[in-house]
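J.: Can you read through this structure? Questions will come right after.
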Amino acid sequence: MARAVTPRRKAVNTALAWAVGLLIFFPILWTILTSFKTEATAIADPPVWLFFDWTLENYAVVQERSDYSRFLWNSIIIAGGSTLLGLIIAIPAAWSMAFVPSRFTKDILLWMLSTKMLPAVGVLYPIYLIFIQFGLLDTRIGLTVVIMFINLPIIVWMLYTYFKEIPGEILEAARMDGATLREEILYVLTPMAIPGIASTVLLNVILAWNEAFWTLNLTAAKAAPLTAFIASYSSPEGLFYAKLSAASTMAIAPILILGWFSQKQLVRGLTFGAVK
Amino acid sequence: MATQHSRTAARLMLAPAVILLLGWMLVPLTMTLLFSFKQYLPMRGGDLGWVGFDNYIRFVGSSAFWPSVVTTLVIVGSVLVITIVLGVLLALLLDQPMWGQGVVRILVIAPFFVMPTVSALVWKNMFMDPVNGLFAHLWKFFGATPISWLSEASMTSIIMIVSWQWLPFATLILLTAIQSLDSEQLEAAEMDGAPPLSRFGHIILPHLGRAIAIVVLIQTIFLLGVFAEIFVTTQGSFGTRTLTYLIFQRVLESQNVGLGSAGGVYAIILANILAIFLMRIVGKNLDR
């Protein structure tokens, strides 16, 4: 039941919340606005807010000079590939623990979670060495595998908590009605599992897309995804705010959109099901 | 009821994930452990033999060690306090009835989806730059001398950037927790004449206890590993060298793998102590 409030109080809440929300969002908004300015307008003092000659020039320049689409493609392959690979390994595991639990299930789950807490820097050199040995340095496949491993515990956990919510009685009922195992999986389980799998994919793509420790340390020119591409702007020449903004906007736009769809799942995924 | 057959199948389905994760954990960990007892300089002679605990003693004894521990603790502690205090306030605000709640929520959560290199560079250049940054314009507007943020107030700057990234996470989880609060209990307290502050202190805050604990632990684990934000801004100078960054420099920049690995082992031990507490909370939840 909603608590009754006076319109006045609601108006105050609204004004306050919008002010705070816009303040927090402001750096992103400012980046998007700046990406449509010329370099000269971008550093104008006092700052120009909305009334300037909007231009798409920066986007063209970023693509032309630094081959933006290649980095974008690397990001897509690495985020998508690591998610797909993770799912292939995690779905059977989560399925097995959710539907045929043993007395070790809880320990296995907690142990998986503990691997997530291994500080990356603690194993940086071994991974680096292994990458050199196997010629994986600056390759997409190497990075895809590493990021898959980083996120695998989260994928297993999320899937586990979703599968756990599928009532076993429904499966039994289907079996009673004479469904074969194939039919049971195809027509009963899969439709119920799809929302959970979709949320898991969403969160994992976001995490993989934004991962910045391994991408910065294990890639150079060839396999660098957008996180590493943007880092190359840390030592720029000349005026570059508008171009930095354009590159940044392109790098974050896909994930901002995905992220807004996945707010609820985000809580669940990042707290390992402890907060839902 | 699971049959023997389906149990075997289930074990087989679980095996790949367990074996792969075990390898991912054990192989690099063993290597780090081995290196940490060696004089190992890839660029200057390679593996120069066993040195016992020398690296461990030298890592702690170096003049960079304690400052890096302090820097790490200050960053983690400040970001935690800022994100949780502001997070609770924001969650309370967002829980109130208002127009456009969904949109405000989206605005507040957005920074979490911005990749670390982008947020660090945007803050560094477009806000904190002493000549062209927005803060410089603002300072000049009020007649003050613009601050060279990343060198004069380096820690404040890093803390601001990282807090901005993590505030959405804290807010979102605390908001989820507040929304699960039984509103009848609050109404009853309100009708009994409990003032807002004591309703907050006696009902809301205790209810948030577990969520706050989870936010603290998860953020601590991620914050101990903050890397990109420092990598693209100060590169560890001006007193912003964290333990993670120090180890990174030892291993990859000065290529002293033995020393860096000893540092890595310290970091792993530290993370594990924290992890135990997190597991307790999460584990309890599994039993329900």
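Keep in mind that glycine also has a Cβ here, set from the backbone N, Cα and C atoms.
Sequence annotations record features per position, and here TrEMBL assigns transmembrane segment to B:12-37, B:65-94, B:106-123, B:158-178, B:208-232, B:263-282. Here TrEMBL flags B:69-278 as domain 'ABC transmembrane type-1'.
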J.: With pairs 6 or more apart in sequence, are the transmembrane segment (B:106-123) and the transmembrane segment (B:263-282) linked by at least 3 Cβ pairs under 8 Å?
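T.: Contact between the transmembrane segment (B:263-282) and the transmembrane segment (B:106-123): absent, because fewer than 3 Cβ pairs are under 8 Å.
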J.: Quick test of the contact rule: Cβ under 8 Å, at least six residues beyond the ends. What residues does that give for the transmembrane segment (B:263-282)?
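T.: Result: 29, 32-33, 36, 56, 59-60, 210, 213-214, 217-218, 220-221, 224, 243-244, 246-247, 250-251.
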J.: Six or more residues beyond either end and a Cβ under 8 Å away: which residues meet both conditions relative to the transmembrane segment (B:208-232)?
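T.: Same-chain contacts beyond the ends: 72, 75-76, 79-80, 83-84, 87-88, 116-117, 119-121, 124, 158, 161-162, 165-166, 169-170, 173-174, 176-178, 240-245, 248, 267, 270-271, 274-275, 277-278, 281.
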